[in-house]
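Lifted from TrEMBL, the feature list:
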ACT_SITE  209  active site
ACT_SITE  243  active site
DOMAIN    19-422  domain 'Aldehyde dehydrogenase'
């Protein structure tokens, strides 16, 4: 296996204890900050070449949000690393009981192509903060960004502890044959199953950040203009190539008729009368993805957009009306600038529709009535929930980001990333003396000893009272 030597080298570095001191972790994190600052223009250029990503979107998603993660981590790392002291029973009042946050060891981070800096860097921030060594595998599909990362990241990080591996499926397959102490994968559910299968051979824990069809319910009681703008922004950001984008709308036939002119107006406001000429609208990342999306345009009725240009890999911001649950676009994650609308009779039917399908990465609900938004929240299951907006929950480092069921396993962002890459080790450090306190647990057993043991170890339920 071509990567055995690399993994062994990183493991030796980790075993040396080099990555454990706070000062080392801080120095490596600060180096990542310099990477973002120094390579800002190159990052914007690479993402523009890979998928026509507007510089505004690239700066916001690939640089600003990463800097936020970095600064939150640097601001709090010394506190996160501290032992967490926990409750004791009567016998152990004089002992030390705590949770130690240990690094796992050598971790593997496999990133996707749609946010090619953000989705390797944010996990890497947590991996470094937790004291691990790491191998980063950027996506070969966003080839310009892959080249940038491969050629420049090693100039900033300690090469004894951090490495970048490039290549496609064959290289990733061979990489996964090695034993890692943790694997963090972002991508599709089918590939997530492959990664988890490979990890299972070594009993390696995993975080799987996958995708799915994120439903967006729009009730009859809402500000239609605001809904249209927020949904259009979330659906067409990065040309729709976002795992948490609203995948389809659920609304009544009356709301569909109201939304159409509002969506058309929002799209025109954002991208002009010809979005193809807009500097603020991206392109599809590859020919394969373009061909897949063009097939999906045959679902329902094209109400807005629908224009394509194969040479540019351009697909206009598109809204499909009267889409049936059986249509091809409802059988897979869209992951492009196409928004299908499925007509339902009421909120009850919308909730049933959502619950009949695999749990998505996000559920969205729009209504001026907070009771309706809360109903959707309480009666559905998803990785995250956002009421009366789209995407914005992901900008908060205080919220965990991750899927459930088919949309993923595990969570990260902010302290959650540090915790993901840390083994929470339960520790008890007892006093060598005071042996009399231990006598009740030793044979020969008696009822008197059992009574003493029960008194000292028993956890009782707190009393409750009823106010009359």
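Here the Cβ of each residue, glycine as well, is placed from N, Cα and C on the backbone.
The two recorded residues, residue 209 (active site) and residue 243 (active site), show a Cα separation of 9 Å. Predicted-model confidence for the domain 'Aldehyde dehydrogenase' (19-422) is 97, expressed as mean pLDDT. Of all Cβ atoms in the shown protein chains, 26 besides its own fall within 10 Å of the Cβ of residue 209 (active site).
Sequence-distant contacts (6 or more apart, same chain, Cβ under 8 Å) of residue 243 (active site) comprise 114, 186, 209, 210, 211, 333, 335, 361.
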